[in-house]
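Colleague: Relevant sequence annotations retrieved from TrEMBL are reproduced here:
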type	residues	note
ACT_SITE	ASP385	active site, proton acceptor
ACT_SITE	TYR473	active site, schiff-base intermediate with substrate
DOMAIN	86-171	domain 'Copper amine oxidase N2-terminal'
DOMAIN	182-281	domain 'Copper amine oxidase N3-terminal'
REGION	38-91	region 'Disordered'
SIGNAL	1-25	signal peptide
Amino acid sequence: MESTHFSRFLFLLLAAGILILFACANFPTYLPPQPSPRLSSRCSASSSSSNSSACKSRKIAGILKQPPNPTAESRRLRHESATPQHPLDPLTIQELNKVRHVINSHHLFKSPSSSAVALHTVVLEEPPKSAVLRWSPGDPLPPRKAFAIARSGGDTLLLSVDVASGELKADRASGSSPSGYPTMTVEDMTSATWAPFASADFNRTVTDRGVELSDVACLPISLGWFGKKEEDRRLIKVQCYSMKDTVNFYMRPIEGLTVVVDLDTKDVIEIVDKGRHIPIPNAANTDYRYSAIKKNQRLDLVNPISIEQPKGPTFTVTGDHLVRWANWEFHLKPDPRAGVIVSQARVKDPETGEMRSVMYKGYTSELFVPYMDPTDAWYFKTYMDAGEYGFGLNSMPLDPLNDCPRNAHYMDAVFAAGDGTPYVRPNMVCIFESYGGDIGWRHSESPITGMGIIEARPKVTLVARMAASVANYDYIIDWEFQTDGLIRIKVGLSGILMVKGTSYVNKNEVPEDENLYGTMLSENVIGVIHDHYVTFYLDMDVDGADNSFVNVHIKKEETSPEVNSPRRSFLKAVREVAKTEKEAQIKFQLYNPSEFHVVNPGKTTRVGNPVGYKVVAGGTAASLLDHSDPPQMRGAFTNNQIWVTPYNRSEEWAGGLFAYQNHGEENLQVWSDRDREIENKDIVVWYTMGFHHIPCQEDFPIMPTVSSSFDLKPVNFFERNPILRIPPNVEKDLPVCKAAASA
């Protein structure tokens, strides 16, 4: 009976092409959809000859010269012939193939007693920072090395492979890490979702709930760590949904059914079903696809819109990864764990023409997502989306015209599968110039002055964007560069809620003393309250590596009697340089405000101010969980909003190198509590952006994007306004385009 059920399920699932969400991440030939003809438009000549000329120019630059969407074959050929141009360029297909061959040929993995090797990470082992800073275009590249995390025979190994010589060095991770396992591979995730179907008990439980096995979709859910029972082996919990009559299976949970699976053996350890009395929610009104919406119910609220650039884009991308735009230059690369990494961000000084260093390296270090339901099927849902799943591994190809505007340039990623085989993730990152009518600076003279002056400048910015779909949730990460020297890091949350099934169909049925742990969104559906914390690693090198962190307290002062003023109080800025790490552990306080500066004490402006950048907080949230709660012990990097640590190559991931099932012994809190000196040192700033999410009905069946951001803003970095001399927009430089029928 067991074999019959599983064979039927396997056949139907393969025939339908349904491979569970995470399997999508391993399809190297996936191409994004073509732009919709509905959004096509043409320039129409205006009465102005200059406008007509500009419009013609736009057609040439924006359409005729735009490269066609490449085929999977052309992508493969381009990437197979790629060679690194910069010390920080990611490993190429050729290099990954060489690394794979070296590892598979090594005696550690060739002996009869060794088991198959699984590669959980294969990335560039970046050269020492000093070597990268010394390098100039035209110089030979520093030695290319790969860093790999491998598992074989139950051991976790840290590997360093010299790409040129093939030399391999290996260390057992158990010697340096108290607990935890590496980021799951895509193969881990997909195979875990199949494992329950080999169990007759599981199959019987599902069919007893009235769900056909052919309609079941399952998700691999990291289980955190909650004690001895979960130690000494890699485990995962699997929960399942009904796909019948909707693609949005997340809204149809088989509530209370949880399967514990051994990730290494794929054995089913335990099946818990405490939701037999809870019905599967209805599929009605859950499909979010435009094609599934009836034509008479579609909402055409706005006309299509795009940015026009008559002279083409201002930015260039050299060697696939070096971006130059306006007064900025930076290196950009996809990463399987972080998503994208921005390196060597430098801005041109308008007075001297010098390219000045702002940040050596910045990226998303960890995402912590704890759900606020302590019941059996939910308490363990405390995800670390970078360290457990791989933020970049779960990034999806961006959709032209919708994820990114028409003027975007796309960057592919080259990642390694669990066996080391390289594959291409197309269109993982987009880069585009953005203008939404924002103002760079302006001033109008009042009529009382008699001067008819109106001066305004447009704010055009450059955005580097990626989007990760970690199961149900979608995260959009923007790195936005502005001509005034500001860097804005923005996080958008969208996608689908992880919901809980309930026997209730209306809130009126719920007893007053019962806690739903969330909001009733639809009949039999509860959106569980949860938090999102996104921690960024920011290796600031403001005009050089030796920096200091300054807490600029904004304090109320009472006016002294000798001033002889009717004012009783005023505000004063009191600067406090953090000498050690604990002095730079910052919790935001609305009524005890501060500015947070990273300064170079060895360089000053002409009037004596230390040059610097400041962290400008946006909307954020702080974790309210008890510090002794196991999830918060692992997510202790969210205990403060800002941390500052001395630069250390081994301290890059806020939740620890091995976040999966770790106990919280190795993370940013632990490092910072060592209280090392940070004054006038090479320092790293860590910033955590937070969101409390109390779901509401507008989040059903899919969520409108909610966003927040923070800024890295120059403070006494320039001698004066760095965009004072930029020109305003004038009519003759811009096209006049009118809607026209598509070709």
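Heads up, the Cβ atoms here are built off N, Cα and C, so glycines get one too.
What's the neighbourhood like for each of these?
Modeller: Just so you know, the Cβ of ASP385 (active site, proton acceptor) picks up 25 other Cβ atoms within 10 Å once every protein chain is counted.
Neighbour count (other Cβ atoms within 10 Å of the Cβ, all protein chains): 23 for TYR473 (active site, schiff-base intermediate with substrate).
In the predicted model, the domain 'Copper amine oxidase N2-terminal' (86-171) shows an average pLDDT of 93.
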Colleague: What's the CA-CA gap between ASP385 (active site, proton acceptor) and TYR473 (active site, schiff-base intermediate with substrate) in angstrom, rounded?
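Modeller: Cα-Cα, rounded: 10 Å.
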Colleague: Count up the helix, strand and coil residues in the domain 'Copper amine oxidase N2-terminal' (86-171) according to DSSP, in that order.
Modeller: 23 helix, 27 strand, 36 coil
Colleague: Determine how many residues of the domain 'Copper amine oxidase N3-terminal' (182-281) DSSP places in helix, in strand and in coil.
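Modeller: Across the domain 'Copper amine oxidase N3-terminal' (182-281), the residues distribute as 31 helix, 27 strand, 42 coil.
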